[in-house]
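Let me begin by presenting the structure, written as structure tokens, before commenting on it.
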Amino acid sequence: MAEVSVKQLATDIDTPVDRLLQQFVDAGISKSKADDMVSESEKQTLLAHLKKQHGGDEVAAPARMTLQRKTKSTISVQGTGGKNKEVQVEVRKSRTYVRRSALEDEQRQAEAEETARLEAEEKARREAEEKARLDAEEKARREAEQARREAEEKARIEAQQKARQAQQPAKAAGSTAQQEAEKMAKREAEELKRQQEQAALTKAEELAAKKAEEARVMAEQNAARWAEEEAARAKESSDYHLTTNKHAQAAEDELDRKEETSRRTAAAAKGPKKAGRREDDRDARNPRARKGKRGKVATPNAMKHGFNKPAAAVNRDVVIGETITVAELANKMAVKGVEVIKVMMKMGAMATINQVIDQETAQLVAEEMGHKVVLRRENELEEAVLSDRDETSEAKPRAPVVTIMGHVDHGKTSLLDYIRKAKVAAGEAGGITQHIGAYHVETDSGMITFLDTPGHAAFTSMRARGAKATDIVVLVVAADDGVMPQTIEAIQHAKAAEVPLVVAVNKIDKPEADPDRVKTELARYNVMSEDWGGDCQFVHVSAKSGQGIDDLLEAILIQSEVLELKAVVDGMANGVVIESFLDKGRGPVATVLVQEGTLRQGDIVLCGLEYGRVRAMRDELGREIKEAGPSLPVEILGLSGVPSAGDEATVVRDEKKAREVALYRQGKFREVKLARQQKAKLENMFANMTEGEVSEVNVVIKADVQGSVEAICDALVKLSTDEVKVKIVGSGVGGITETDATLAAASSAILVGFNVRADASARKVIEAESLDLRYYSVIYDLIDEVKQAMSGMLAPEYRQEIIGLAEVRSVFKSPKFGAVAGCMVTEGVVKRSNRIRVLRDNVVIYEGELESLRRFKDDVNEVKNGYECGIAVKNYNDVREGDQIEVYETVEIQRTL
């Protein structure tokens, strides 16, 4: 919604502007003038603030609600004497629901109380530590003062003694010796005082640290005990299933005790048994003496098992994979499948016992039944293999990967051809590119890797793959043709991959070239030139004369410097499959663009659903190489099969693990494919009902590379209409084999070979079965011929053309034909074999056929314009003068797509 001003909003809600500005300020939104604009998010913020201010968020609902359910049932219990009696069983269940806001308030209150308690404990601990420290310091100070006084007294006494001793032998030097003795005594007293103070201070610090440690340990012990008590209370309140099971078991045991008491009371009321014999002993000695209904021998008590029901529910660790059936889940939890289905129905999910459920649903069900869930990923091996890599080296600058994109016949391959100084466009059938070509060229400023993509509309997936694996997209636009559909699609691919664009305006040397028109048309799709303030470089080039090629390469290198492209050179390689095909002599061949690391001959490569050891590597010119670094395209041999274009190629350590991962991926791919085929949705029901009325053209496609197979399949499927559908019975890479021919014969399909041929065994089957085999090298021709085949299966269209018109001049009566109209042919010709319409006042009143056409009593086959004739209409006698008889014929028109 568009923004509105504060004044307009105040008018809409009928409130003064000053009040609305104050409300904005209260809500935390800075609005000071009536002309300020208000966005939709600010309106929502103001509305939420006003609701909260006026109590609009509160819901008038009870904070706690208890629901009670009572079910009654009757069970048949076998009593004494073989008679059954009916026992009424009543089960009462109670469940309490608490409003989330009330729970949150209680939780917040509990958290506040817990925080206050912890703060009080922390404060008490700090006070205890501070008190202990002050006591220790005071005690140390007193001890130091006492030690100082003792030291001074001791020093004074020793000084007096030394003075007296010095006076006896030498009274002549009395004054000088006495002064020196006093100085020495004073120094000794000060040293002793300092040592005693230091010892007292150290002792006080140790005592304070010890008391602080004791206080901390006491606080930690109390905190752990309090946390355990809190967790126990929370667990007891949250474990709903355990408490429910306990109550159910207690109720069941109480019911069993009541039944046993009533049965014993009834048996005692019948009278005492004969003395001297116990019934249990007699039954144990002679089992046949105790017979039940229909004379069957009852089971002795000694043969009955002594199993007791568990007193509480057993909580298990349930291991759940990515998918699991309901029966397997019930088996892991040791419950019946019916119980699991009941829980799922309560949760709102309908399932059968053999239905496969996903991991999240199974986790919810298991936790609902009180078990602990252990989730297991089935692709753990795959993740472990892909994560076991040595990528410790630092990243270094690498060459840019540039994709050439644009509309068909705009000169993409010719431009690249001039750069590579080789003739490639002439080698492509029809002069159009039908494969992704990967090449690298050395320039004066460095290496550049080019990917040449097809421009034809059928190769959308190829162009998307090229944009995904690239760093820079060069958009080639013909200066004389302008922006075309595939140009727009290339812009969309580049923006989806977030790749910068460099626009090359080609064919600039033509007289009708108009580069300004190209800039204007591209500006509609947010591709702005740097001259117009945008961020896209526009380079005028000519693939024919070579004009502007150096400028284009310089623009590419400048863009790559801005991107600061780096990659790990050393270590295990990682890349993407650009193209793949099946070579008759070499086997599966994949063109891989190395993105990081170094790919070496002999490495083990995991590539999508395939794996293998690299037996040989070749560059784009067919030369054997031993290793390839980042941004280099190479052909590798040695894979187990043809990988899909766009798959990630990764070097791994162990070939055995790579094989396991590839087999796991193949199994998952097969499961997904089968699930997609078997999924019958409600919206497809009517389409399936009318499926028998739709004609189908079955096609078996074989091509030279995987990308061409995808492009042809997509293009043919898009040709399908409501009346005729194209069904791809089979597709693959490589020559046409006997298996393909047999498949085409079984499904009455057309065999299509795109740049491939049939082998000898396949040709025998084709001749024997008279199959329709067609070879193509240009995708245009293939699509056109399939269109013609589909047109032949369309139901024809019928059109009615008026060939004559006769006017009734008079009406005669005939005993044989009834009313006969005497007519004048005014337009065209009246033929006896065609159908007619009778018009009165230009309104059709009858439609039928002629019974008789005569001229002068002679039967004729046709009467031309300007002649009179007699016309008898079959089964119609209400012909009047002035009516018109219109003669028409039905023409069949063949429809086309």
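Each Cβ is built from the backbone N, Cα and C atoms, and glycine gets one as well.
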Of the residue ranges 390-397, 406-413, 830-837, the one that Swiss-Prot records as region 'G1': 406-413
Which range of 38-41, 506-509, 646-649 is region 'G4', per Swiss-Prot: 506-509
Secondary structure tally of the region 'Disordered' (69-88) (DSSP, helix then strand then coil): 3 helix, 15 strand, 2 coil
Where Gly406 (GTP binding site) sits in the secondary structure, as DSSP reduces it to three classes: strand
For the region 'G1' (406-413), the mean pLDDT of the predicted model: 77
Mapped DSSP class for Ile508 (GTP binding site), helix or strand or coil: coil
Cβ atoms near Ile508 (GTP binding site) (within 10 Å, other residues, all chains): 22
